[in-house]
């Protein structure tokens, strides 16, 4: 059986290779005149050849700095990382055997009920029954999920191996000893662990941060009863693919990770490894061009809310109640007896800006006015934060914080014994009016309660990275969205009361998709990464649990730039009907059309035909719309009124089947599909169709783009949907 690993990453463009990860940069602190540069020389060489970076390293001109090499890359790709001056890096970049040289950067980590929520969203409500040859019913047994993050806490119950069979013989990885981590820390569940962080004294796969353990358990954690966050949301914790094996690679530390290049994940794709990565957490206030991990061979995941709400209400004098959201352990009295003020009324002097006092900046408040009181803090811009306000008020002796922000209730703030609750922005005037009209305004903050089956859900998280892609309008990213708000999962602790924690972020949405991918691969071992990706994308949904369009953070229907093809479901990808297979050749043409020349691409790809060359018309970037991807982007051309693209689908459902097409368009846009019917037989399992987009200026009204979808259906058994976007003009090319 062909070996397979699902890898998911949490930083932009994390590099992955085959079953063993061999090339992660250490985030060493650069000297004043030096920095860490990555020298990329292309695909990994075969055992019979000498890889190009060896020639560079052997050059006499390089002897003077060879002791500054941090790491050599030989498996997934070729190259090395070294401490270099800018001039040295520029000199190396001129060498013909070098594809690129770029400075290392660092990126912040994008940081269980969610699986039940995804099951409820699925049209298929339980795992389909398959033949005895299938392993899908075992929830991912013998698929391997590679976790590139902050390491792992092997003692967590989520990673026990009770009842699991022998480790697959094809596995060639190792469990490397490190500080507080022995080889026997691994088991039949955790089958591999390596450390690639080489700065500092802590060289171990052990997770000191918690993020790596948290996401590994979301994807593949075993069933653990009695899981909760300090008694809240008690239930059973289990990953989406609980019988999958886990291989852990510690490549991040202290909330930061080195940022290698996207092309490394291309090498993984060539080797049959699906790379799944987070869309980033820079999408606050509906910021476009904030999506990360945008290569077409990566499955990019945004974050959404789910139907669980942590409610903590504010009670004012006269028993007037304001709904709030927050996860805290505060135990104030339930009757409103505590003095209540606004941040503005605690302004330290007349020289302080009013907006700084309203937002509870530490430099703007008088601690004597804060002590012993509950304080209403009002956010003025995206730089303000609930946690920052809490630290200020708590530090000044305040006993609670009410935080008003336009998006605050979309992500429940977390605090300890000092209550912190978020309220809707429109509720803030109610509280200020009460304060201003009362001689002795008082309030209390009630304990957190868990509200199940909250509606509407899901909605796109405010922080989730959003498209379009900066500099590339011809691809929709993110590809899909998954639960990424208030996710409870394993946490490093020897105290059973602290064995689980709550995190939010696109990086906790990503392992949900990894768990689903492992289930699909277990059912269909021969499927390519793009087939699995297609199955997940084309079965995604666009409606919430009240059968309305999924909304973004401002309450408008989400667009493909905000959640891609939609919200993933748990079991529907196991029966997609049709898949869009994107071949390596498609990706190479994508690179051609984006400006790479044939010589550079020959260095990048390990499986390039000897006679490969970029098409002569590759300067037309709109040809990128024709890669066989499960979404479509068309750019309106000044000299054209219509454009046509092609897509090819592979039948993976019933051999003898007929699919009919339907088109959903949101504006005055004419979309024609030819043919309108696809007939598959035992001898014909691949068919191609064309889509023609006709548009005028009226097609866009006042928007930069319009969007819709194309769906192929088979007697209501299969529904294969892809989104499309037609842009008014290239925005940032």
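Note that Cβ sites are derived from N, Cα and C of the backbone, with glycine treated the same way.
These come from TrEMBL:
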ACT_SITE  149  active site, charge relay system
ACT_SITE  211  active site, charge relay system
ACT_SITE  507  active site, charge relay system
DOMAIN    36-110  domain 'Inhibitor I9'
DOMAIN    140-263  domain 'Peptidase S8/S53'
DOMAIN    266-566  domain 'Peptidase S8/S53'
DOMAIN    626-726  domain 'Subtilisin-like protease fibronectin type-III'
SIGNAL    1-18  signal peptide
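Recorded features from TrEMBL, shown on the structure.
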residue : record                           : Cβ neighbours (10 Å)
149     : active site, charge relay system : 30
211     : active site, charge relay system : 26
507     : active site, charge relay system : 30
Check your understanding: Taking DSSP states H, G and I as helix and E and B as strand, how many residues of the domain 'Subtilisin-like protease fibronectin type-III' (626-726) are helix, strand and coil?
Key -> 4 helix, 60 strand, 37 coil
Point to revise | Model confidence over the domain 'Peptidase S8/S53' (266-566), averaged pLDDT | key: 91
Review point. Rounded to an integer, what is the Cα-Cα distance in Å between residue 507 (active site, charge relay system) and residue 211 (active site, charge relay system)?
Key: 9
Exercise for review: Provide, as an integer number of angstrom, the distance between the C-alpha atoms of residue 149 (active site, charge relay system) and residue 211 (active site, charge relay system).
Suggested key: 7
Review point. In the domain 'Peptidase S8/S53' (140-263), how many residues does DSSP put in helix, strand and coil?
Key: 17 helix, 39 strand, 68 coil
